[in-house]
Structure formats: C-alpha cells, structure tokens
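A.B. asks: What follows is a structure written as structure tokens; I'll ask about it next.
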C-alpha cells in the first residue's frame, strides 16, 4: 500500500477511492482548467486586439532583411522571393465539409457532458462529499470553458468574428489538450469499474459515460484536420497534387501518407503522382530562414543555430522514449516473480503490469517515430541548405587560381593561366578540380545531411545507457558499477577505432575525388579518346586509383570488424563481471528473476552501444565532409562586382593592367586603354596567344585588376534592370570561344530565360543561319541538344550560342571568335545579316576573330593586340596606313566586295529553293541532331530477380549465399545457447560463501567453470558474428571492384551514340552515388538482413515452443506484418526510384554551372540559375520527404506489431504461470523484448536493400549497353603500308529515325594524296571521319584502306593506325609530355621537333633553355616559352591554354609518330592566318607521302591540296583538283571561294599548285 499522509494512493491492486477523488476528480482537472483558461484568454485577447491583421491565407512573407551572409545581393535567397513568386502561385489546402460538420458533433458531446454533470450533481446524496462537490464543480467549469472554446471556433467563419481566425489554432489546441488529458484521467477509474472496485451504479454509469464522451471527443479532433493551419503551397502548375490536410492521428501515426502508399500498391508511381511540399519545406523557405538566422563565419555554428529547435525537440522525445522503453524491463521482475510464485500477486495487478508494458511501448514508439522523422526532415532541409550554398558558391567562385596559394608558390612554377581561355577552370586551394567539386555536392553534402538522423539516435543512446545503468544499480546494487567500468573501458578502444576509421575515410575521399575527376574527364572527352584509341589508357589510370580505394575500403572493414567485436562482446563481458561481483563480493543470490531482468537490460543496452559506435563513425565521416564543404565555401570569389565601374557613356578600359594570377610567369594585360565605340561594331584582332580572350574576360571582370579602371554599362542583376522602349536593357551578353550550351532544347538555349517572342526568335534563327538546320530536324526547335550540345556539330553549337546572345535583351554583346567554327559561306552570311544586320540596331558589339579580312570590313573600331598590349587601335581606315598586313587583307577584300555581296544575295535566295530544304542538307554533321529528348528511365515494380542473381553471380552464385545464410542460423543458435546455459547454471544453484564461490563444486564442476563457459560462448558468438560481417564486407569489396571495372569498361567502350544521348551527369551519378552505395551500404545491409531474419525466426520458434498458444496470435500478427510490409515495399521502391531519377538534374545543373559560370555571370543571370536549382531541389526533395514519411509509417506499424508480440507473450506467460519456471519465462521475455527491434530492423533493412538494389539495377543497366563492334581480322604489322583510302556507296545515319548523314558516298584517295573536304556546316564532312574511325556503324557500303575492309579490323588497331586532329581541341589533365606521348614512346628530341613544327617553340626558346641551364641566376620569365618544359602542367581540357594553343598541341600530338594516313577536322580554325600558313607549309613538307584528308572552313588552308571533295546534303557533289573546280563558275566550290572574301588569292594559289603538279 502506497500512502500519502492519511490518504493511500494505492490499495493492493487498484487506485484508492480518496486518491481518485482528490487527484483524478479534483486536482488534475483543476490544473487542466487553469492552464487551458489562461492560455485561451491570452490568445483570444491578443487576437481581438490585433483584429486579425496578421491572418492571411497566403504563403508566409519573407521580409527583405538579412545579416549580410552573402556578399552580393544577387545571390541572396531573400532577393529571389519576387522571382520565385512570379513563376508560382499559392494554393491553400482548406478543411473539408465533413471536418467542419464534426465541430457541431463536438459541441453536442460537450453539451451532453454538461447535462450529465448537472444530473449527477442534483441526484447524488449530500453526505461526505467534500472533494466530490469540488471535483464536480471544477469539471463543470472545465466543460463550460470547452463549450466557450467550441463556440468561438464555430463563429470564426462569420465575417463579424474574422479576428478569431488569428487564434483558431490555439483554441483548437486548448480543446485537444483538454480532451486528451480528461481521457487519460478516466482510464484508471474505468479499470476500477471493470475489476469491481467501484460498485455504486450511478458512479459506474457516470465513469463509463464520461470515458466514452472523452474518447469520442478525442477521436473527433484526432481524425479532423488541424484547425487554423493553412498549408500553403508554392506550385509550378495547377496540376500539382497536394497532400491531405494534417490530422493529429495522421501526424502521430504517419497515416497522412496512406493514400500515396495505397496508390503505389495499385500501380506504379510517377513524378505527377508525388504530392507537392508544403511551404515550410520548400527550398525557398528553408534557405530564407537559414539566411536570416545565419551569421558570417563557419557553417557548423550556423547549422546548429538554425536547427536548434529540432535538436531540442529530439532531445525531449529521446528522453521520453528512452525512459518508456525501460518500463517493460522494470515490470519484468514483477512478472517473473508472479511466475515463480503465482500467489504472491493478484492476477489483476499482473494484468496491469502487462497492460502498462503495452501502453508504454506504444507511447515510446510514437515518440521515437516523431523524433526520427524530425531528423529525416532535418536531413532534407540540411541537404537543401548545403546543395544550395554549394551551387551559389559555384556561381560566385573565381575562375582564377586562388591568390592566397599562388603567392606562396615558387615563381618558377610551370605555366599558369592562359591568355585566351574563355571558360577557365575554377580552382581550389589544394588544386581542386571541377570534376572533384562535383563530389562535394553529390557525396559530401549527402553525408553531412545524414548526420541529422544521428542526433536523435545519439541522444537516445545516451539516455538509454544512463537509464539502464540506473535500473541495474537498483537491481544489482554497486556491482552494476563494475559492469559500468568495463563498459567505459571499451570507449577508448572505440575511439581508437574511430580515429583510424576517420583517417581512412579522409584518404578514401581524396581517392574518390581523383577517380571521379578521371571519369568525368574521360566522359567529357570520350570522342577524342576513341579517336586516339586511348580507352585502355584511361581505363588503367582510373582502375589504378580504384585499387587504392579498394585497399582503403578493406582497411575500413577491418576497423569495423574490431569495433563490432568490441561492442558485440561488451554485454557478455559486462554481465559476466557484474554477476561475478554480485555473487562473490556482495554475497547475494543470483535468482532467475534478477539474472534475466539484468540480461534484458544488457540486451537493451546493446542497442545504444551499437548506436554509439555507428554514430561516432558516421559523425566522423560527416565532419570530414563538412570540412571539405567549408573549404569549398572558403575559396576565393570573383571580385567583378567590386572592380567594375558603372558608366552610361564609357565602355572599355582606362590604363588597366590585369593578370590571371599573382605569379611572375602569369600572363598579363598591360596598360590597356580602350574606349569602345558605342552602338557600333568593335573588332579585336591579333596573333594566337596575344590576349584577345583575356581582354574580353577582363572586360567582364573575371581577371585580377592590378591598376586602372574598367567601365561597363551596369553591374546590376538581370532581373533588376529596366527594359527600355526598344526592348533592350543595359546589360551584357557573352558568347565564349568554346560554345557553352545547357541540356535542353534549342529553344531553351536560345531564349535562355527571356520572354519568348516568335517573330524575334525566327529573325534570330535566320540571321544566325540556323533556320535551315531547324527545318531539317524532326523536332525542330524542340530538338534536344544533348549534354553540352553533344548532339550537334561544332558549327551548330557555336551558332546557337551566338543566337542566345543575339536574342537576349542585352544592349552590349561580347563575342569571342564566334565565326571560327563555321564555313566561309556561313561566316559571311552571319557577319552581314547578323553582326551588321538589323538585329544589331542600337547595340554595341565587341568581337574577336582571326578572320581579319571579314571582321574588319564593316567594323567601326579596330583594336590590334600583341603579347598582352594594345599595339594600335582606331578606325580600320586609319590603321591601314600603319599596318601592312591589315592593309593587304583589306585591299584584297575590297577587290571581291562586289562579288561577295552579289553572291551572298544569290546564295540567300538559292537556299529557299528545293522545297525549303537547306542547301547544306542534313544538319547532322558529327552526331545526330535529331536526338530524342531522352529522359532517364525508371524501373517499375519490384527489383527483378535478375538483378539479385547478377549480384550473386559476382559473389560466386546462389550457393555461396545459401552457405552464408546457414552460417547465420548456426551463429545465432550459439548466441541463444548463452541464455540457456545461464538458466542451467542458475538451476544448479550459484550461491555460496564469499570465499568459496568460485571453487564450489556443483554437479562435478566449479562455478568458475560455468562462468568461463558463459564468457566463452559470448566470445565465440561475438567473434563469429563480427567475423561474418567482416567476411561479407571484404567479399563485397572484391565484388564492387569487379562491378566497377565492368561498368567502366562498358562505358568507355560503349558506342558513341550512347554518350551523345546520355547526359554526363546521369552517367556520373552511376559512378558516384550509385557506386558509393554498393561500396559502403549494400553489403552491410544484406548481412544485417540475413542476421535479422534468422533472429526473428529463432524468437518465434522459441516462443512457440515454450507457449504453443502463442501461435494463435502469431498467425494473424504475421499476416498483418506481411500486409504492411508489402504495402510499404511497393511504395518505397517507387519513391526511391523517382528520388534517384530526380537527383540527376541537380548533378546536371551543377556540372553546367561549373562549365558556364563565366557566361552566366556575364549575362548577370545568377538569380535565375539559383532559382532553377531550387526548383530541381524541390523536385528531388518531394519523393525523398515522402519516402522518409513512408519509412516512419512502416517503422511505427512494425513497432506496434512487435509490441503486440511482447504483449501476447506476456499474456501467455501469466496464463501458464503455474506450468513454467522463471528461468524459461525469463529467456522467453528477454527474446520477446528484442523481437520488436529485430522485426523493425528486418523491414528497414529489407526496404533499404530493395532501395539500394535500385542502384544495382541502374548500374546493371549501364553494364548491358551495346559496345562498339570490334573486328576480328588483324592486318599485317606494317598496315597501312601505303595509305590508299576508298569509300564505296557508303551510307550512314546516327539513329534509326534520323535522316542519312552520308548518302551513298563514293570516292577514292590514292596514297600520299592530300584531299580537302569542304561544304557548309552540317553537310556531312565530319561524318566521313566518323565513318573511317567507325565511330558509328554505317548502313551499307564499304571503306577500304590498302584494300582491306576496315569493318573487320580490330578497332584499337584501326584507330592507332590513323592520325587525327579533331574539330574540338581536347587536352587532358597532366603535362605537355603526357598529352603528347602518354605511353613514353618518343624521346624529348622528337617531341621538341613536333612542337617546333607547329610553332609552339622556336630556336630562341631553346637558347633560353640552354642559357638558364648554364646560368642559374638568369631570369627569362618574360621571354621563356611555357612549352619548353615538357613537364609543364596542362589542366583538364587545356583550360590554362588558349584555344589556338590547344589546337596546335593537338596537331603536334597527331604529328608525333609517323602514320600513313592523317585526318584533320578543322584543326586551325582558332589560330591566326600566319600560324595557319606555317602549319600548312609544315604539313606539306614533312608529310609528303602521307594521305591527308582535311576538313576546312578556311579555303586557303586546302587550296593547294591535290583534290577537293565538296559535300552537300550528305552526298559527294564535286571531287577534283582545286584549280579545276575554281575555274568552273558552275561549281559549288567556285561559289564558296567567291563568298570567302579572298577569291583572287585563292585562284592564284590554286593555279600555282596546279601548275607545279602538272
């Protein structure tokens, strides 16, 4: 009996009558009345005072404030609000009519309750009712308060009482709080009624009616949508689905997602089926709130500050859940005591214990679910914050090398930034590459965000550990501290393991960066790699890095094994030490009740110990990743917004000196003073490497400004500029030398966020000579350009990039050599119709070019650059007198001006003939321009068995899997035997004197024998369990090594068309996220699944063996378990696949931003790109959010099912108490306790395996892609010996549905003949090279080289036998030597020889090198040529070289090593004419006996060749000597020469060549 003064709380097995009257009926209701009344009064008074001014149905407004977290306003999320709202609208999820009707029912129940109170109060006798009257009066006042509250909630819909809306949610909260509290208070009196303790009929009726009404009211509110909560949604279109309005029941049990789960069960889900996110979970809201709460400084404190409310809530929920989880353990000794002696306690009391176990577990489950879901929601929000900040940083990051490190470098560092790079590569302090930057977003951001899930688990682990130790102390006394000290002794070992694990993780991330950088570089240059037959070279380089990763993964597995062994053996060691001390030193008897209660606590303790181990490991990984993100966010940012000065009258430089980086060898622009002529065409010319592109980048503010000033029209964001009457804004548009396109349609790339105007669009297409190409494409302007424009020819890419600049509303255009990639006819047309046509009215245009005769013809201002200095500038007519080369070019052009204008008009007219078909024919030059808009496919249904079998085959087949599962059964059998051994030991008796306990003989054995056996069983079990995990991970690592090699080989050797239609970001997703999942998550989850299934089966068999009646409960419970699992698995599978697909666009946007950051900043379009990233993040977050909700949905239900198993087991035990011994009951209950966790773990792990297997499916899909067809006949070693090439009736198309790129092409090239291939852009010129290299399979026809059909020759041999200089000069990360000779086949002399031939080094360079070697103190930084040192660094893509230097280096690479056939695809387009002439001379002199096929837009480059092949519409139109063709006015070649602007020179050169060969 528990007493409180004169009033006992508890009498034997029930609440006392005085306690019920004092507390249940008076004090507790009074507390509810006072708190509810005060809270409601405060909220109503405030709402009345404010008159509802703050209530709105719209989305919450974000005030335009901030703390300067971002340096520039254009990157502020708060400033994005207006842009976001302009493309979205608010939708409000209002309450249903049925929900509104429920309020009237609610009011009726309250009136009924008041009526019952009045009736009972008037009918009860007046004697001995001191507390009774007070209690009834308090409860009456409480119900009157609730009647007032429901009245206010009902009248809120009236216009006269709209102010109530402001406090409607608070009034609803008062009602729910009161109903829930009253129902909870009514439970114990109701129990008293059921067990017969209350016998007064009126009181019985009152208690039953009160409980029923309280329950009814609680259910009404729990199942109705929460009042006062307007869930507003910013959605992109009206078809976006909204989730159901939230209810208390739905939020607590996650039933809100029932509809989506049921829909997924009936059919496969798509993006359209996924509900939208509410405004609080939209990225714009998350980032705005984060920005307002953040301060300048490190990321970690800002994250903690922003999520502090989440952390506090999780802390509270973890405390409640942890405490309630131990209630069953606290009640277990009482139940076992009853089993041991059924007469010691009443059955009513024991049933209360069992019921309390059920209720406590349900509440603990609810709290745990809410805590975990808060963490998962925080994971999504943190991921949003990190990805958005990384993306925003990418748009702010400088394209220059970090000055903080460059200053520390030795001045003799190899070469630095290029003078003419248009899209330079961003860099990090530690030489971070763009490709590794992608890992910061795709891997590190995800790892850090996952740490949000660990906070709740960490708190729960700490609370559970402390609570368990406290209970153990109360159970075992001070001997529990012995176990505690043993537990503490393991912590340093754990941290030692964690330290090693963290170090290995950091090293692995470095190698992962290196691997993904290599893969990204290979994917971006795959065409060139195939042309050079370097697939195996890149394969080996990447595999070597991968091998280092594998070694680190195995080291991590070993550390994980040790860590697992420590914590798995911990409970056994702790229990053994505790029991020994309890018996020996405390001289106590270890009874089954105490032993198995302690074991149940130790079993529960194992969970937090495991959580601590895994949490520490994950937190270490997260902190490493967070540091990498912080390093990235700390990198230098562009200073363009500081150094650029706004001017309405001046556009140019004033005595400006600029550099790429602070190094003596860095290229510099010195003392630049240029005042570009407004509303005019300004041209910049100069030799290769003179600094033309650097000058334009300097004008955009991308270079370091050392001195002087730079004047631009504006530095404002594009969205903030006013549109003039002419539709223009004072902004700049930039077209880089290397065209940058986004993944999307042609229309998307041209319109580029501007308002679409069809007439303007058509005019731009026509002026950029794209209208005919568009007509030839099946999808027209909706044709997908592919990843970075991969599905277009180089000329088409350049013209689309130009069209983007022309279509923009910018009044100032900056064009970097945008005419070099197109043929002369097209270049002339674009120049006349676009750059000098009506589209340029009122615009200022600055253009750089090597085509001097063309661009200076109608330029108003001319700037001549050389070696970073302005040599001269002025009107072209004034510069003729002082510049002989310029004068000769312009004079030559003037002779042909009349002819050119006439021919231009004639060609423009002729292009409109032939039923509208473009004269150039097919617009697929290199690859199919009609490529479909390929969306990433989503697997449907469950993961196919073939995927599991495919993975199992790498392990050695299904037999190995069977052996592995069987070992799990055996190992857990050993684990269970430990409990039976303890029961056997206790049954034999373990008490004795303190001095003789260890040596007392029991049945022929001492107690030390039993203790050591107990420890050995635990040690063997732990070692086998941990060893099985280690073997699984090591085996999995070997498997992932094979899978990666297969995937890499499949991608590298895939047909080029696969790369044309598949975005690089999508492929990289396989190599980064999917591969990381297989590396580190899949195999441990498989192992955990097999272990959990075995444990559950053992538990069910054990309980069924002890209490066969349990099977009656087990069958429906298993059916329920199967049902919810099936529902969940289908939904989670679909949601995960959609999540996987929706992640790829984020990768794609990030990759595009890295490549095009200069263009984006030039257009001042950062805000739009940030908005696009937020939209992509929201699309990715939606399935991720509902996937997490579905995960908690199944977790909650599995926990409830597990609780029912525990409840039914306990019921069976107390029902069979007279037939069971306490030891067996203890074993059964101990295992029943762990069933909930194990069953939950099964579904979690199985669903994780299913979700993770989607990554296996995705990788398997890419390992099954068709590879290039290889030949089988190896030619002789000296093949090709002569170099004869013949094409017969060759037809080629790039996709089954596209038109032919080559149509019945036939021509023959004799050995040593030099053939120039000409024709307008898209005529099929590059397709000839593609056919010869077998980059695409042709439909029919043959190609023979030295009379051997190349279709039967192995690809590597074929491609190694031909030299090629591709259209896009592609270089790789490494050195000059590694780019020229990666296999180390040639000497330095040979390499210097080819560098000299292409003009990259001269004799004076060699003298400088000798002089430096002889006189170390001599400094020749200003004179020394960077290519002298063959170990000079070349950045990925050659980003630290000018376009011309890249082309020359590629030319040198092809000339290194004599081959009898060379194919040149527009290799000199980006170098000046003088250098071009020298190179052509070199080719003629050094390759006299080499068969050369050259694609050229510069006709001068091929005018002295042996033959000219004219292509049109994929057909051979003309094939003869240049002089023969140019002499015939009816030939296409004649027209091309006329339109080139240098007809007279071409004619003379052709005639001289013809005469010399006659």
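Quick reminder: no glycine exception, Cβ is built from N, Cα and C everywhere.
Per Swiss-Prot, the features are:
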{"type": "BINDING", "residues": "686-693, 1319-1326", "note": "ATP binding site"}
{"type": "COMPBIAS", "residues": "424-434", "note": "compositional bias 'Basic and acidic residues'"}
{"type": "DOMAIN", "residues": "1285-1538", "note": "domain 'ABC transporter 2'"}
{"type": "CARBOHYD", "residues": "4", "note": "N-linked glycosylation site"}
{"type": "REGION", "residues": "410-434", "note": "region 'Disordered'"}
{"type": "REGION", "residues": "892-926", "note": "region 'Disordered'"}
{"type": "TOPO_DOM", "residues": "1-29", "note": "topological domain 'Extracellular'"}
{"type": "TOPO_DOM", "residues": "51-103", "note": "topological domain 'Cytoplasmic'"}
{"type": "TOPO_DOM", "residues": "125-130", "note": "topological domain 'Extracellular'"}
{"type": "TOPO_DOM", "residues": "152-169", "note": "topological domain 'Cytoplasmic'"}
{"type": "TOPO_DOM", "residues": "191-201", "note": "topological domain 'Extracellular'"}
{"type": "TOPO_DOM", "residues": "223-302", "note": "topological domain 'Cytoplasmic'"}
{"type": "TOPO_DOM", "residues": "324-351", "note": "topological domain 'Extracellular'"}
{"type": "TOPO_DOM", "residues": "375-449", "note": "topological domain 'Cytoplasmic'"}
{"type": "TOPO_DOM", "residues": "471-481", "note": "topological domain 'Extracellular'"}
{"type": "TOPO_DOM", "residues": "505-558", "note": "topological domain 'Cytoplasmic'"}
{"type": "TOPO_DOM", "residues": "580-584", "note": "topological domain 'Extracellular'"}
{"type": "TOPO_DOM", "residues": "606-953", "note": "topological domain 'Cytoplasmic'"}
{"type": "TOPO_DOM", "residues": "975-1013", "note": "topological domain 'Extracellular'"}
{"type": "TOPO_DOM", "residues": "1035-1082", "note": "topological domain 'Cytoplasmic'"}
{"type": "TOPO_DOM", "residues": "1106-1109", "note": "topological domain 'Extracellular'"}
{"type": "TOPO_DOM", "residues": "1133-1199", "note": "topological domain 'Cytoplasmic'"}
{"type": "TOPO_DOM", "residues": "1244-1558", "note": "topological domain 'Cytoplasmic'"}
{"type": "TRANSMEM", "residues": "30-50", "note": "transmembrane segment"}
{"type": "TRANSMEM", "residues": "131-151", "note": "transmembrane segment"}
{"type": "TRANSMEM", "residues": "170-190", "note": "transmembrane segment"}
{"type": "TRANSMEM", "residues": "202-222", "note": "transmembrane segment"}
{"type": "TRANSMEM", "residues": "352-374", "note": "transmembrane segment"}
{"type": "TRANSMEM", "residues": "450-470", "note": "transmembrane segment"}
{"type": "TRANSMEM", "residues": "559-579", "note": "transmembrane segment"}
{"type": "TRANSMEM", "residues": "585-605", "note": "transmembrane segment"}
{"type": "TRANSMEM", "residues": "1014-1034", "note": "transmembrane segment"}
{"type": "TRANSMEM", "residues": "1083-1105", "note": "transmembrane segment"}
{"type": "TRANSMEM", "residues": "1110-1132", "note": "transmembrane segment"}
{"type": "TRANSMEM", "residues": "1200-1220", "note": "transmembrane segment"}
A.B. asks: If you count every Cβ pair below 8 Å, which range out of 30-50, 352-374, 1014-1034, 1110-1132, 1200-1220 shares the most with the transmembrane segment (559-579)?
C.D. replies: 1014-1034
A.B. asks: Mind checking which of 686, 1319 has the fewest other CB atoms within 10 A of its CB? They're the binding-site residues.
C.D. replies: 686
A.B. asks: Would the transmembrane segment (1014-1034) and the transmembrane segment (1083-1105) count as touching if the test is at least 3 Cβ pairs under 8 Å, pairs 6 or more apart?
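C.D. replies: Result for the transmembrane segment (1014-1034) with the transmembrane segment (1083-1105) is yes.
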A.B. asks: Look up residue 686 (ATP binding site) in the DSSP assignment and report helix, strand or coil.
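C.D. replies: Note: residue 686 (ATP binding site) is coil by DSSP, not helix or strand.
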A.B. asks: Looking at the topological domain 'Extracellular' (1-29) alone, can you tell me the average pLDDT?
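C.D. replies: Mean model confidence (pLDDT) across the topological domain 'Extracellular' (1-29) is 73.
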A.B. asks: For the transmembrane segment (1110-1132), what are the same-chain contacts with Cβ under 8 Å, counting residues 6+ beyond its ends?
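C.D. replies: Distal contacts: 257, 260-262, 264-265, 269, 942, 1100, 1103-1104, 1187, 1190-1191, 1193-1194, 1197-1198, 1201, 1204-1205, 1208-1209, 1212, 1239, 1243, 1246-1247, 1250-1251.
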A.B. asks: What three-state secondary structure does DSSP assign to residue 692 (ATP binding site)?
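C.D. replies: DSSP call for residue 692 (ATP binding site): helix.
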A.B. asks: Find the member of 30-50, 131-151, 450-470, 1200-1220 that has more C-beta pairs under 8 Å to the transmembrane segment (352-374) than any other listed stretch.
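C.D. replies: Against the transmembrane segment (352-374), the leading stretch is 1200-1220.
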A.B. asks: Rank 30-50, 131-151, 450-470, 1083-1105 by Cβ pairs under 8 Å to the transmembrane segment (170-190) and hand me the top one.
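C.D. replies: Checked against 30-50, 131-151, 450-470, 1083-1105; highest Cβ contact count belongs to 30-50.
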A.B. asks: Looking only at residues six or more beyond either end of the transmembrane segment (1083-1105), which have a C-beta under 8 A from one in the stretch?
C.D. replies: 964-965, 968-969, 972-973, 976, 1025, 1028-1029, 1032-1033, 1035-1037, 1039, 1111, 1114, 1205, 1209, 1212, 1227-1228, 1231-1232, 1234-1235, 1238-1239, 1241-1242, 1245-1246, 1248-1249, 1252
A.B. asks: Have a look around residue 688 (ATP binding site) and count the other CB atoms within 10 A of its CB, chains all included.
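C.D. replies: Excluding its own Cβ, the number within 10 Å is 23.
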A.B. asks: Other than its own, how many Cβ atoms are within 10 Å of the Cβ belonging to residue 1325 (ATP binding site)?
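C.D. replies: Around residue 1325 (ATP binding site), other Cβ atoms within 10 Å: 29.
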A.B. asks: Which residue counts does DSSP yield for the topological domain 'Extracellular' (191-201) in the helix, strand and coil classes, in that order?
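C.D. replies: So the topological domain 'Extracellular' (191-201) is made up of 5 helix, 0 strand, 6 coil.
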A.B. asks: Count the other Cβ atoms sitting within 10 Å of the Cβ of residue 692 (ATP binding site), across every protein chain shown.
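C.D. replies: For residue 692 (ATP binding site), the count of other Cβ atoms within 10 Å is 29.
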A.B. asks: For the binding-site residues 690, 1323, which Cβ has the most other Cβ atoms within 10 Å, all shown protein chains included?
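C.D. replies: Compared across 690, 1323, the most Cβ atoms within 10 Å surround 1323.
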